[in-house]
Amino acid sequence: MKRIGAHVSASGGVSNAPLNAAKIGADAFALFVKNQRQWSAKPLENQEIENFKQNLKISKILPEHILAHDSYLINLGHPNLQNRQKSLETFIDEINRCEILGIRLLNFHPGSHLKLISEQECLKNIAESINKALANTNRVKLVIENTAGQGSNLGYHFDQIAFIIKNVSDKSRIGVCIDTCHAFAGGYDFRTKAAYEKTMSEFDAKIGYKFLSGMHLNDTKNELGIRKDRHESLGKGFLGLESFENIMNDKNIDEIPMILETIDETIWPDEIKILRNLIKGN
């Protein structure tokens, strides 16, 4: 079964996120477990933790269908050791917040070399940071999101993600999230059945469907291979609805959170319905 939702607001407290997801007809959602533009935050209060769990029950969304997103500040591949350590500490804090809330998946952008070190050295830094994070936490799966390759961000090519996974010690706690806008920006096409099958065959060969733990379903304002991150509403960008029809009818993709990050949140309920209607037999 396809589990579809959006990256909903946790404004006023994380406990609001499940209710915000329910309002749009979602059976999955993403959220930030703290302010994504600050390095640190006060600990979660016991009442807020309890409210989150209660509201999750009210929403009827299962914990495994939540894809938390880490802070935009974190750079696990940072060229500077001190800055990389700062990122790692914040990353570990966010993993622990997920653990406390009962969230099983934390999505993150791999990292950036900032044009100060080689791509290979940066990828090694990322893998090393992940290993340290895993060694200092429990249970939560760390989900690598492919990037658009904008600037010096890595993770836009399946080979780069495969290298990171190869160098992670505990592969039971590592996963991948495919962002369709980012993938298209990185040169991966979804628009026809043949193009989709080629892209996903390459993903399976280089990474493996077994690591696919979530998806971000976004159309794009840019053409194929431009390496710019510009989201668009479903069907209004260069990917078009056929791309999403191919995804929604892929039987290899089931029971993972499929998250909208499209630009107009007022139409998320409609976009969720569109995605469900694309499934053949519905």
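Each Cβ is built from the backbone N, Cα and C atoms, and glycine gets one as well.
Summarising the annotation, Swiss-Prot assigns Zn(2+) 1 binding site to His69, His109, Glu145 and lists sequence analysis as the type of evidence. In the three-state DSSP assignment, the secondary structure recorded for Glu145 (Zn(2+) 1 binding site) is strand.
Sequence annotations record features per position, and here Swiss-Prot assigns Zn(2+) 2 binding site to Glu145, Asp179, His216, Glu261 based on sequence analysis. Counting only same-chain residues at least 6 apart in sequence, those with a Cβ under 8 Å from the Cβ of Asp179 (Zn(2+) 2 binding site) are Glu145, Asn146, Thr147, Ala148, Met215, His216, Asn218, Glu261. According to DSSP, Asp179 (Zn(2+) 2 binding site) is assigned to a strand segment.
The Zn(2+) 3 binding site feature in Swiss-Prot is assigned to His182, Asp229, His231.
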**Request:** Taking only the Cα atoms, work out how far His109 (Zn(2+) 1 binding site) lies from Asp229 (Zn(2+) 3 binding site), in Å, as a whole number.
**Result:** 13
**Fill in**
Whole-Å Cα distance, His231 (Zn(2+) 3 binding site) to His69 (Zn(2+) 1 binding site), is 17
**His69 (Zn(2+) 1 binding site) versus His182 (Zn(2+) 3 binding site) - Cα distance in angstrom** = 16
**Request:** Whole-number Å only: compute the distance from the Cα of Asp229 (Zn(2+) 3 binding site) to the Cα of His69 (Zn(2+) 1 binding site).
**Result:** 17
**Request:** Starting from the Zn(2+) 3 site formed by His182, Asp229, His231, give every other residue of that chain whose CB sits within 8 Å of the mean position of their CB atoms, in sequence order.
**Result:** Ala148, Asp179, Cys181, Ala185, Asn218, Thr220, Lys228, Arg230, Glu261
